[in-house]
Every structure is written in structure tokens, then in C-alpha cells.
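Annotated in Swiss-Prot:
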TRANSMEM  131-151  transmembrane segment
TRANSMEM  156-173  transmembrane segment
TRANSMEM  180-200  transmembrane segment
TRANSMEM  216-236  transmembrane segment
TRANSMEM  258-278  transmembrane segment
TRANSMEM  369-389  transmembrane segment
TRANSMEM  391-411  transmembrane segment
TRANSMEM  416-436  transmembrane segment
Amino acid sequence: MQICGSSVASVAAGTSFQVLGPVCWQQLDLKMAVRVLWGGLSLLRVLWCLLPQTGYVHPDEFFQSPEVMAEDILGVQAARPWEFYPSSSCRSVLFPLLISGSTFWLLRLWEELGPWPGLVSGYALLVGPRLLLTALSFALDGAVYHLAPPMGADRWNALALLSGSYVTLVFYTRTFSNTIEGLLFTWLLVLVSSHVTWGPTRKEPAPGPRWRSWLLGGIVAAGFFNRPTFLAFAVVPLYLWGTRGATNPGLKSLTREALVLLPGAALTAAVFVATDSWYFSSPATSRNLVLTPVNFLHYNLNPQNLARHGTHARLTHLAVNGFLLFGVLHAQALQAAWQRLQVGLQASAQMGLLRALGARSLLSSPRSYLLLLYFMPLALLSAFSHQEARFLIPLLVPLVLLCSPQTQPVPWKGTVVLFNALGALLFGCLHQGGLVPGLEYLEQVVHAPVLPSTPTHYTLLFTHTYMPPRHLLHLPGLGAPVEVVDMGGTEDWALCQTLKSFTRQPACQVAGGPWLCRLFVVTPGTTRRAVEKCSFPFKNETLLFPHLTLEDPPALSSLLSGAWRDHLSLHIVELGEET
């Protein structure tokens, strides 16, 4: 037999193994290096979660799961978003309960029964849910390991691209509903691919176990209740599942397979509806069924509601977000799609348009399948005017499979490494990077022991930052002498007026009165001057580096000056009395 071009002599002939050639050793060394690289990046994924990451990507990471569950499970002070009020009920609560809720329940149980009290802290509340998502993210690695050979992809190159992507390191280790959507989409691909054979003549597969169809239907229903946009990702694999082995794929075969999926989907939907109805009901209201996906669609299909969250051009996903998340891999996918389109146009000129665009030609090869898995959801999501980059993170798995073919090396390796290093630095460290450490610092301040004779009231005012997740302060829900005020991107005059109103509270005006009032302002270095204009003396100031706010970016001249560190820091200023 042949190994890397060097023959192995026959033992029966009495010959020994020939020395492997230099090309073979290079290939073996390269494969081993890729495996070591994947192992190192996997370790980095876990360690960086524990460190923890300081970057604050988007408020939805906190306010669609841990902020709500911390209030429900631990009874701490939190800012509940409108989606989780019974009057709105736009988000299903089952996945937040399973991810953040289970983590917080274990923390509460440990604090009540464990030998070391005081385990619950801002750090534990931050890292606990993230660590669970990080563990679940390795299901992506297992899926790529399983999917790569039948998809014509190099297994270890695909795993290296997956583990080295900053999307995996940053987004798949956080409590976004998009993260759950990506995990469910990947498991859907595994179930479908294991029941499909590729080739010029696809034979109808033998009937699989009934649990597989039930599980497939359950995943589709769970994905829909998590985010109704999951259907955009599921349409291609479900079509492949419904037409596998069919001589004439059409409505009949799709309907037959849809009925097979129905029991699992119905059972899963019943669990979600029961959980949501229980969660959003109260003794004062009638116990009606709560259908959170219906409420979600009713809200988001209204253009005026979407406009409140920002409107984007229809090509934002294709022209901007794809490059922002995946860099050169998105460019490779565009190139592959263009080449496939050219082949299709040539075929249509020779055979006719209808035959060339038939289902058999669209899904005739794994590469065509991967292209559809990537571009079909992207096109469907582009129909909506609100387009954020994180909506595309479920596309990572089909993309890395598409960009790591067995017959070719991964191109642009240096560019891929540099792009993901910069992405991890920006979104994992710099972007709003001082806010989470700032909350940890303020947690220590407000929980510091004070003299019983002089109780202290704290006012924590945040301006020009993302919404502060209040559960990280670990404040009791009732009676906490701490007031958290989120001013958002307020004007300078409104900031000064608000500060004056806090310092003129009766308890703060009485010299030697019953309360000692401490006022803290949290602001980026680029907007610190607005606080100075309010004529309050600075009692002390703490800088947390790095912190980059793209809404108020530092000027280039300030970055080139000696004060660049101040402009790239979050400032926590304790104010004295107004002068």
C-alpha cells in the first residue's frame, strides 16, 4: 500500500518499512500542528471565559437571560426588559430558565447549603451562565468533526477555523439567544446529514428510528420558540430531509415528511407553551395560553417597532455584517457562489432553465448544499429592515465546512489569523470593556462595611455607556440603599440637572444627618468633560482600561497625545458637593 507516496515493503518478503519521504513528514507535522492548534484554542475558549472577558458586545447578552433570571431566582435588584412583562411576553422563558436559571439556582443552593458562604458574587453571576454556554459550544466542534467528511471538508482544518474564529470565542460563550439558535441549527444539520447520501443517484434511505424524526421536529419547534427567525436557517436542511431519495421531489414528499416531524414538534411546543403560560400568568390575571412567538412576530412585523431598534439597508447582511463577522471566509463564500452561479448559467443555456434549476441540481453535491445553507438564511434575514451582525452567527458552521475543502489548503491563513485576533480584541476586550469591571468595582464599594451609626446611600449614575446589568452588583431586591440611574446618551445640560437633583435630596442636605450620601458618575473618557462642566468637585476618580465606546469614539488627535489612555478608559468619579 501507499502512505504519502512512500511504499511499505511486504513483511512476508522480509523487507522493512521504508523511511517516509520529507513531503509525508511535512504533511504529518502539519496535521499534528493543526490538532495542537485546535486544542490550544479550545483551552483558550474556556480560560478566557473564566478570566473573564471584559468586552460588552450588546445589552441583549444580559437583558434577555441572566438579568431576568437573577431577579427571579436570587431576588436581586435587576432591570427587567419589556419583553418579559406579562403585558408583552415576547420572549420564551424556557431557555433562560435552563441556562441562567439553572446556574443561579445551583449558586443559591450552594450558598444556602455549602460549607463556604458568600460564593454568590458579581463574578459568579457573570461567569456561571457563560461557562455553561462555553461547555455547550463544544457541541459545535463535535458537529464539525462529524459533518466534515461527508461534506468533503478537511476535518481538522474546519475545526481550526471554527475554534479560531472570534465568533466562537466571543459570541458562542455568551448568553445570546442567537447562540442558542446557532447550537440548534448545528444539531439540526447533524440529524439531517446522517440520513442523507450524496451521489449522482441518491437512493431512498432505509427508515430510521422514530426518535430521530421526533427529535428533529423537537429541534425545529424549540428553535422557533427561541427565535422565530430559526425557520430561515431550517428551511434548507428541512427541504433536503423532505426530498431525500424521492424520485420526483415535490409537495407530496414534503407533506409526508412534515407529518412525521409533527409529533416531536407538537410535544416540544406544548412544553414551551405550558412553561411560558405558567411564567407570565399571575393570580390577578386569567390563565390564558401564552404564545410568545406570536407576540414576537406581531411586534417585529410592524415596521414602526423595528424602526425603534434601528433600520438598515437590505444589503447590510451581505455587504457589511458577513465581512464583520467572518472576514475573508465570507469573501470566499461569495466567490464560490459566483462560480456556482456561472456553472448554473452555462447549464441553463445548454439544458434549459427549468432543468438546470431543478432540485436535483441545487442539492446535487455537498458544496452546493453548504452554499445554500449559508446564503438562503442570509437572504431571508435580509428581508427585514433591522439587521444586526449577531443575527448571522449560526452560519459559522456551514461556512467553515465550505472554506476547508479536502483537496485544497486553507487560503489566506495569515489574514484569517489577523482578522480573528483583531475581532477578539475588539469585541472581547475593548468594546465597552470597562463597564463589567466597573460594576465589579462598584459592587465592592457598595458592599463595603460601614459604621452602623452612619448608614450610607449610594447613587450610581451611568452616562454614555451601554445599559448596566444591575444583577452584577448583587443588590438585594428590596431595601437596598443603592440607586442605579442609566442616563444613556443624555445631553450635557440634562446630566448636570440630574446631578443637582440628587445632591439636593433632604437626606443629603442635612449636615451630620442620618444618611451619608455618595454619588458616583460612570462615564467614558471621551465624555468626561461633560461631568466637569457641572461644577461638582471630584473627590476621587478610578480609571478602568481599556474601554472603547463606538458611539463616542476618541478623536485621532487624542489617541496620538499623551492622554490616549484616559480617552480609552472608563472613568468612575465620586462627586462632592456642588461649588
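The backbone N, Cα and C atoms fix where each Cβ goes, glycine too.
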* Asked: Is it the case that the transmembrane segment (369-389) and the transmembrane segment (156-173) have 3 or more CB pairs under 8 Å, with pairs at least 6 apart in sequence?
  -> no
* Could you name the stretch, out of 180-200, 216-236, 258-278, 416-436, with the greatest number of CB pairs under 8 A to the transmembrane segment (156-173)? => 416-436
* Structure fact -> Near the transmembrane segment (416-436) in space but 6 or more residues beyond its ends, with Cβ under 8 Å, are 48, 52-57, 126, 161, 164-167, 169-170, 327-329, 410, 465-466, 468, 472, 522, 524, 544-550, 568-570
